[in-house]
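Trainee: This is the structure I want to talk about, given as structure tokens.
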Amino acid sequence: MLRNTLFVKLLLIFTLPAIGILYFSTILVLDKIDTLSQVDNIQNDVKYIFVTEKVIDSIQKERGYTAIYLNTKKYKDKLFKQREITNRVYQEFLVTISKIEKETPNSNYSVKKVQNIFHDFTNIRKNVDENKIDSNKIIKFYTKINNILLSTIYSIKPIKFVTNFNTKFAYIVNLLATKEAAAVERIMTSLYIIDKKISDENYQKLIQTYTIQDINIEEFLLSAEKNEIDAYTNNIKLAYDKRLNHLRENLKEIIYKDKLKLDDWWEFSSSRIDDFGKLYYLVSSEVLKLTKEIESQATKSQILSLSFLFVSFVTLISLLFVLKVIVSNQQQSFNKLKKQQNIYKVLNKINKVILKMPTRKKLYNKLLGTIVNDQNISLGLIYKVKNSQRKVMLIKGENPDNIVFKKEDPSSSIFKKAIISRKNIIKTSNIEKVSDIKEDFFKTKNFSSIAVFPIKKFEKVTALMVLYSKNKNFFDNEIEILFNKMIIDMEYALEKIDYEKTKAKQEEQLTIASYAFESNEPMIITNSEAKIINVNQAFCNVMGYEKGDILGKNPNIFRSDEHSTEFYKQMWNSILKKGTWSGEIYNKKKNGEKIPLKATITAIKEKDGSVKHYLSQYNDISEQKLKQQYLEYQATHDSLTALPNRMLLFDRIEHSINKVSRYKNYGALIFIDLDNFKTINDTLGHETGDVLLKEVSKKLQETVRKEDTLARIGGDEFIVLADFIGSDKASARNNIQILASKIKGSLNDIKIINGYENISTPSIGITLFHDSTFSVKELIKQADTAMYMAKRSGKNRIAFFE
């Protein structure tokens, strides 16, 4: 309540003016962003005008050369060269348009009309080459393309905030229109010179081109800057107007009297058109400079407005932060005092009952149940710690049944750190990452902090208490100190419980030992110096000793050479540290025979923890060991032939692969299948089939090397595993071929089985290996495949897997 009321009042007083400034700053930034966007449009417009002018200029030249060529067959080379230029600049035009449209999807320069009419270019040029079109149609076609291109430039909309750019753009259009009219004048006049006549109608068309040029030049001069007007005056007006006006005024007479040559007129008019082009490029360069200046100004304005917006925003945030700190400090002091009072109440409850708890489990249950009742603790867990490994003992709090633990600790596990450092660890971020609870559990929770408290017994961490809170700052320094006091009291209670438990257990063990000592279970008792002070008859019977032979002796007289020094060292470490050891041990009887025993050795301690006696209990497991060995043999060998079975073979192949890989040698599998075995079983009976299998097993064992593995993998199928058969593939193949041939000959020597003629022959498949490229199953499959190849080729054959 305190926090909310004070914060709202301060917010109203100080933040409304800052919000107003922020609003107007935002409006200014949006305006500048719009300005910069329009600058981008200017750049695209300039790019478009540049590339379009190149296309117009190229078409003007091609139009002139084409019309002249049709009437005089002159300029052929220039025409074909100009066609190539036109094709190139048109492709550049399309590429530029494509780039502009990608950068500015909403741009529209109406280029579809241009693309459509350019599709007719091939046919027009073909008709020109075949002389199937007249010059008037050519002029109309090419002029139409240029008019369309100029119209796309006319359609470019002016930019509302840059008047000087709009002005220059307008007289760039005037220059392009002038240049096009001059080009039309050039070709029309050229045709009249060729025809040596001009009709009144055609003369009127020429006058129209004069008028278009005069109007556009006048509009250009009205808006152009001084350097641009000077360039026009010096390079065009003074250079061409006097002669041009004379030619225009006396054109009919000059043409009739043949006073003007085509080449002279073409060179004069082309030079004038080129100078208009130079004037266009002068103005265009000024436009480029102007565009860069506009872009620079717009960028600077945007940066300034963004800076002002940023300063306004930072000011508002800073003000809010200061207000929040003022209110938060007051609220924190209030919350901290209340939090400490609540924890004191919890600790008082625990301290009243902590020494009354008879077992560790009840103590933890009472402890955790009381703690999670506090509103700031949402979940609590107790972990049992043993050999730095932990196991959940108890969970209290929100939805404990929904908790699923991760299979492995995260790399940033705070539990391991707490066990190793024996110090408290508190985390207020990434709770789901450092916790051992799966992250799905945290999706519905708002846990903000986790605290891990090690619980020690005799200075060794035996448990962890883990608490989760939805309050990020709950586990502050004061709360941690309070919990530490509680942990110390609890550790004392745990030590007391363990002492009472150990005492009761030892008393119980001595009582049991006194009754059980004379039972049928072999036992000996030694003093603290490991000297035998008592032994029962059962032990003497098992080990073959008389009591007098072993009393006063050290039990190491029973040691055999079956175990290493490390084995006995670990055994005594367990007895001294844990008070007991249990496991299998091979002892030596009086006659020197080894005997396997199940042994349990327990240290009997005094109240002060010192060892008084050692009690050793034994159980003869000789019969169990024999059964185990028999079962292991049965699991790895074929019952009919006593050969290794598939399981043992797989293991031997794995070892063989490792050996040949290590020593850079070759190994091989020989897959043997008995031809006609099914016929023997069906006609002579399974007993005869079994006799054959035993005889085959015998023959194979006599043939293969001692180090080779011979296995029956089922039915009438046998596999021979041979390694170290050659250091290269050729020698390995040769050696295994020799062995396989011996096997084939040996099995073919079996003529009679059980009184019947043997109709069985071997089909043999071989595969080589020298590394671990193929698995065991793949190698067997390869040998099996080779064996089937041998069968298909006529049986009683040998085949290699290639």
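From the backbone N, Cα and C atoms, a Cβ is placed for every residue, glycine too.
Curation plays no part in TrEMBL annotations; they are all automatic predictions.
Positions annotated as domain 'PAS' by TrEMBL: 522-579. The domain 'PAC' annotation in TrEMBL covers 581-633. According to TrEMBL, the domain 'GGDEF' annotation covers 665-802. According to TrEMBL, the feature transmembrane segment maps to 6-30.
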Trainee: Could you please provide the mean pLDDT value for the domain 'PAC' (581-633)?
Mentor: 83
Trainee: Summarise the domain 'PAS' (522-579) as counts of helix, strand and coil residues per DSSP.
Mentor: 29 helix, 10 strand, 19 coil
Trainee: Within the domain 'PAC' (581-633), count helix residues (DSSP H, G, I), strand residues (E, B) and coil residues, in that order.
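Mentor: Per-class counts: 12 helix, 30 strand, 11 coil.
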Trainee: Would you mind splitting the domain 'GGDEF' (665-802) into helix, strand and coil residue counts from DSSP?
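Mentor: In the domain 'GGDEF' (665-802), the DSSP-based counts are 63 helix, 36 strand, 39 coil.
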